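Undergrad: According to Swiss-Prot, the protein carries these features:
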type     : residues : note
TRANSMEM : 12-32    : transmembrane segment
TRANSMEM : 46-66    : transmembrane segment
TRANSMEM : 83-103   : transmembrane segment
TRANSMEM : 109-129  : transmembrane segment
TRANSMEM : 167-187  : transmembrane segment
TRANSMEM : 194-214  : transmembrane segment
TRANSMEM : 226-246  : transmembrane segment
Amino acid sequence: MINPIAFKLGPLSLHWYAVCILVGLLLAVYLAAKEAPRKKMTSDDIIDFILIAFPLAIIGARIYYVAFEWSYYSQHLSDIFAIWNGGIAIYGGLITGTIVLFVYCYYKVLNPIHFLDIAAPSVMLAQAIGRWGNFFNQEAYGKAVSQLNYLPSFIRQQMFIDGSYRVPTFLYESMWNLIGFVIIMVWRRKPRSLLDGDILSFYLIWYGCGRLVIEGMRTDSLMLLGIRVSQYVSVLLIVIAIVFIFKRHRQKGISYYQE
């Protein structure tokens, strides 16, 4: 088993979970800042937004998780703040971040669809990296299986939990996001085939479909009325994206890059 603590400095500990999130964040900011000028925005617009949105998104992700696990946290109130042990919900962070984005764009007089188009591939890459935090914390895994011989030994060993090998759903989602990121980056090199909002819509559909399937493999899902909450949200995002694409293309929307 890999120690979930990356290193200690006196009384302070830095967990691998946090390292994965921070590495994903830094790469996401770099990519978004690089793309911003092509969408009539500046790198400062991106950085200023991240400084506001990131801490709020983490809080939102934690609130989302705690809300659906309230039966536990109501009896362990001090654990609500133990975020280093895991327990942040990606959808909670995405919802919070999107709300902050619309407010930010309103006050900065920016086009939120442009911003979301820029953010989509960066977020997808950050998610691909961030999922490895679940690996180090031994969470977000699936059912017990007899063997995992198709995986490298370090993953097999870390996925040996409670006396059994577990389906590495974190890995499936990480790879799914990475593939989606590559598709977007290749597709974005052909802007004539893109309309404003297409990258955002692709992200919602791609991530939503992957999460819908992979969530069904997990054994630690947040539940609502007997159905996994993330599957509810995934279906909703897919429907929203399809409707958005249909309307955008039917109305002959604005090209992805404007001259």
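Yeah, the Cβs are placed from backbone N, Cα and C, and that goes for glycine too.
Model, not experiment: these values are computed from the prediction.
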Undergrad: So if I exclude everything within five residues of the ends of the transmembrane segment (46-66), which remaining residues of that chain have a CB under 8 angstroms from its CBs? That is, six or more out.
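TA: Here the qualifying positions are 25, 29, 32-33, 36, 73, 80, 83, 87-97, 100-101, 104, 108, 115, 118, 222.
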Undergrad: Can you find at least 3 Cβ pairs under 8 Å between the transmembrane segment (12-32) and the transmembrane segment (194-214), where each pair is 6 or more residues apart in sequence?
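TA: They are not in contact.
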Undergrad: If we skip the immediate neighbours and take only residues 6+ beyond the ends of the transmembrane segment (109-129), which ones have a Cβ under 8 Å from one of its Cβ atoms?
TA: 20-21, 23-25, 27-29, 31-32, 35-36, 39-41, 45-46, 49, 90, 94, 98, 101-102, 173-175, 177-178, 180-181, 184-185, 188, 196-200, 202-203, 206-207, 256
